[in-house]
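Chemist: Starting off with a structure, shown below.
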């Protein structure tokens, strides 16, 4: 990286400020918006990213009534998690403690769509979660489908099943519900107007909408670093990260986005840092030789994604993120905003 000194540095700063002002005038004195399309496979964390944008820029979830709407989502996450663990224990031939048999039988029969856990279920859920067989199944969670928030909520089930429970903002961020359809949020940030769309990430929803967003300013693609040893929700024979790579290749080389800025978020960095210490990346990529080293594994995955781009004139901007960390998302989005403005400056002939 070069170094700018004296008047050269001042000229550089003045030019940047002039370009920034011209862009702001273009986007604040007209009806133009910076349109962002949020994409990524299921379980990547993109909907969590959208929640964070609402918290940071729309002051979402400040009212108690608004937070209470998530009670059934969170208790549903608990029931779904414990049922997934019970089913996995059976499939993996892991024995339960005999005294938990009646609880396991009852929990297995509950309908997670219609039944809402309450304080009367506390002892049952706690006892099963603490069962050694269930804990052994949890240690093998990469072998079956289990949402990331399972341990967070099961460890805190006494607070959540309290009749006076009101979800915290952190609870809402950690909660999981599948995105089907299209959601959007509009907001102002740094005197600029933004509109962000989040589109269902599961495989069967992708081609329904892609052509509708050809005029977006940027595509924000979210992928999970942590998923390299996991399988798809829709097809347990398919690697999540390889499916994510196929989707990213499809998006960044689509004719609809040939002139669109691509911003790539490598999400769940916190979980990845812990997993890579124990699970070598070569369980998914046989040619990987970097061992259980975080930086080696990160760079390998980053190269896998950035090498997908066929158009050499198009650029991919990459960021490592933890979507459940509000401060991290705030800092990253600030950088993304500058990246988008820089790209727009080039497109509009200011640079």
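Cβ from N, Cα, C; glycine included.
TrEMBL does not curate its annotations; it predicts them automatically.
Sharing the features that TrEMBL gives for it:
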type	residues	note
BINDING	43-48, 198-202, 267-270, 323	GTP binding site
BINDING	47, 179	Mg(2+) binding site
Chemist: So how many other Cβ atoms are close to residue 43 (GTP binding site), meaning within 10 Å of its Cβ?
Modeler: 23
Chemist: Name the residue among the binding-site residues 198, 270 whose Cβ has the smallest number of other Cβ atoms within 10 Å.
Modeler: 270
Chemist: Let me know the most crowded of the binding-site residues, choosing from 45, 47 and counting other Cβ atoms within 10 Å.
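Modeler: Per the Cβ count, the most surrounded site is 45.
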Chemist: Hey, does DSSP put residue 198 (GTP binding site) in a helix, a strand, or just coil?
Modeler: strand
Chemist: In the three-state scheme derived from DSSP, which category covers residue 270 (GTP binding site)?
Modeler: helix
